[in-house]
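The ATP binding site annotation in Swiss-Prot covers Gly79, Pro80, Glu81, Ser82, Ser83, Gly84, Lys85, Thr86, and the record cites sequence analysis as its basis.
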Amino acid sequence: MSKLKDNPDNSLNDRLNREKAIELARVQIEKDFGKGSLIKMGESPVGKGIESISSGSILLDEAIGVGGYPRGRIIEIFGPESSGKTTLTLQAIAEVQKNGGIAAFIDAEHALDPAYAKALGVNIDELWISQPDTGEQALEIAEYLIRSGGVDLIVVDSVAALTPQAEIDGEMGDSQIGLQARLMSKALRKITGILSKSNTCIMFINQLRMKIGVMFGNPETTTGGNALKFYSSLRLEVRKIDQVTGSSADDIVGNKIRIKVVKNKVAPPFRKVELVIYFGKGISREASILDASVKYNLIQKTGSWYSMGDDKLGQGREHAVSYLVKEKEVTDELESKLRKIIFEDPNQDFLEVGTT
């Protein structure tokens, strides 16, 4: 090696010889496996940044790190019951449709409420929906949709409801250990390879279970084995932390939730964000923009008053949010400024940093 370093001509010749050898190998690889089987990373879509789907909240988009849910990836959203998991996915569907995209909802729980989806901005006339009978059926439908290349977002609700065919055919008391975990492992191995080529984003909603006999550490775990944890590029933990009251203490108008990015392969992980989900309305876009604007000093908060320059928006958070709801042009302008500040900062590096 030292001789090669001492002689630049030898080093250059060695480099050229190795490049010729790689080129011959590339030709053979493309002959056997098809064009594009081996390319330099700078020539591939992987090396050109990560496309994303907005979550509907600029605060959550910031926490994820790439402006929303990454395309061509597997995403897991998990948490306790009634914490807002389905609401997050429906808002993502609404954002996809708003931008002219196509979304599909695989309703394994058979519990999707069309009225609620419509209230969150989902165009139910354009939403593709499937209510499969078995887990195998659900995951095969997802695979077909991904292979089609025509769907931007697929939501599977939920992993816990993906019941294997053998379990359905068996008796109620039969022991079926590991069936669902094997089903998920096999399906995800197939799905992962084709996702990036189709640029489809697939979101799995998952539930929490308690591990029996755990004395130390967190006894909570998600259903469906470990495969989804490994294959997911993004895992979001959603928890309800408080209730939001209206005009009186008995008037509960929504829930305050905390979302933690527990795994992230497209940006730094472990970020947290708190959002408000209003009953029948979902996550308030205006409330997220207000909080982000205060954070980046586009809106000033003095005591309980919110102001923007010389203009007062209102006293108290709810009045300031109401102002932004009415003044759509102001809200759009604030969002545009925030996205430039957060996502177009040249100092931010969104290369893959996570590990499996």
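Keep in mind that glycine also has a Cβ here, set from the backbone N, Cα and C atoms.
Around Thr86 (ATP binding site), the same-chain residues at least 6 positions away in sequence with a Cβ under 8 Å from its Cβ are Leu112, Asp157, Ile205. Those residues of the chain, other than Gly79, Pro80, Glu81, Ser82, Ser83, Gly84, Lys85, Thr86, with a C-beta within 8 angstroms of the mean position of the ATP site C-beta atoms are Val238, Lys240. Annotation note: Lys85 (ATP binding site) sits in a helical segment as assigned by DSSP. Each of the binding-site residues Gly79, Pro80 was assessed for Cβ neighbours inside 10 Å, and the highest tally belongs to Gly79. In this structure, of the binding-site residues Ser82, Ser83, Gly84, Lys85, the smallest number of CB atoms within 10 A of the CB marks Ser82. On its own chain, Glu81 (ATP binding site) has Gln207 as residues at least 6 apart in sequence with a Cβ closer than 8 Å to its own Cβ.
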